[in-house]
Amino acid sequence: MEVEKGKGTDVSDVQGEDDLDEEPGEEIESAPPLKVGEERELGNSGIKKKLLNNGIHWETPEFGDEVTVHFVGTLLNGIKFCSTRDNGEPMTFKLGEGKVAKGLDNGITTMKKGERVLFTLPPDFGYGAEGRDGVPPDSIVQFDVELLSWITVVDICKDGGIIKKIMEKGERNERPSDLDEVLVKYQVALADGTIVAKASEEGYEFYVKDGHLFPALTKAIVTMKRGEKVKLIVQPKYAFGDKGKEATDGFPSIPPNSVLNVELELVSFKPVIDVTGDSKVFKKILKEGEGALVANEGAAVTISYIAWLEDGTVFERKGVDGGQPLEFITDEEQVIPGLDRAAATMKKGEQALLTVSPEYGFGSVVAERDLAVVPPSSNLVYEVEMLDFVK
């Protein structure tokens, strides 16, 4: 079924108009939720919404999102002029383009998934003075709409260079930062479907700040939640530009000025914290701890750890392989500053990997430890578990 674009006022003309008390499509904030069978005007727009069936959850789509709906359009006398239900095929379109009727876009932004509504649109929000096939000029029209689903669409750089479509929402609200280590799965294809890059089945792990493949990948990753799956449409300037990319790793070359289609999943990420604020002590969280409390300064802590040099030489073990864990009070200079400062930031049960510069390690002196000698000015690595602490 072909549905004509609405010929009434353009959607962009509505935003900011004085005839709406709030943003287009939004209901009055103080108004209670509609009950089934109840009808209400949306602001002062003249658009009326009658609830036929309740939806689920609380989220509603926004302009720019791709919605999938069933709808039946009728005149006030009941004569039908368009329908997706006649052939059983719902319609998918981008909100804000007036694909069916401008006022319908405004109304759909108030709907929850699964909700069914009868919208009554005045001529200015329907087909205006021109009308359309089956709709006389200046007609009030009605749409029986069911919102089946929608895909959130995000213009990441606000210039159309990276368009992100969220296919599966992620967990919680945390997103990775530039310092974090991420594990991703991806597949990159040209416009004709040719696959030009793909991560292994286990995924690919890297630090966000180091980047991978092309700029769009990291720009998208920092907007994603753990477990989120997206599709990206990437313009050349955020991919390989006018140079393209030679064939590598068994994948074909990427021609200059290629638009790329990317399927991307943020499998997981390990938060990395600059403990000292000067990039001298980093803590990568391997396992989240319990609750929200951290040890802080002056706490009596009990930790286990393995410590080694950059070349892999282990120089100390505490609390592993049956050994005695280490107990100390933070901020009392009982251990090297890097371990002291990092321990103060840890939760009970947290496991972390510390990288410690010499300034926060043993400095410029030789340090004889249990299992090996630490040379002067050595960078250190500690894998630590916070077993317990008393504040």
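Using N, Cα and C of the backbone, Cβ positions are placed for all residues, glycine too.
For 1-42, the entry in TrEMBL reads region 'Disordered'. Feature annotation from TrEMBL assigns compositional bias 'Basic and acidic residues' to 1-10. The compositional bias 'Acidic residues' feature in TrEMBL is assigned to 15-29. Sequence annotations record features per position, and here TrEMBL assigns domain 'PPIase FKBP-type' to 64-151, 179-270, 298-390.
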Across the domain 'PPIase FKBP-type' (298-390), DSSP yields 10 helix, 40 strand, 43 coil
Count up the helix, strand and coil residues in the domain 'PPIase FKBP-type' (64-151) according to DSSP, in that order. 10 helix, 38 strand, 40 coil
For the domain 'PPIase FKBP-type' (179-270), residues assigned helix / strand / coil by DSSP: 13 helix, 39 strand, 40 coil
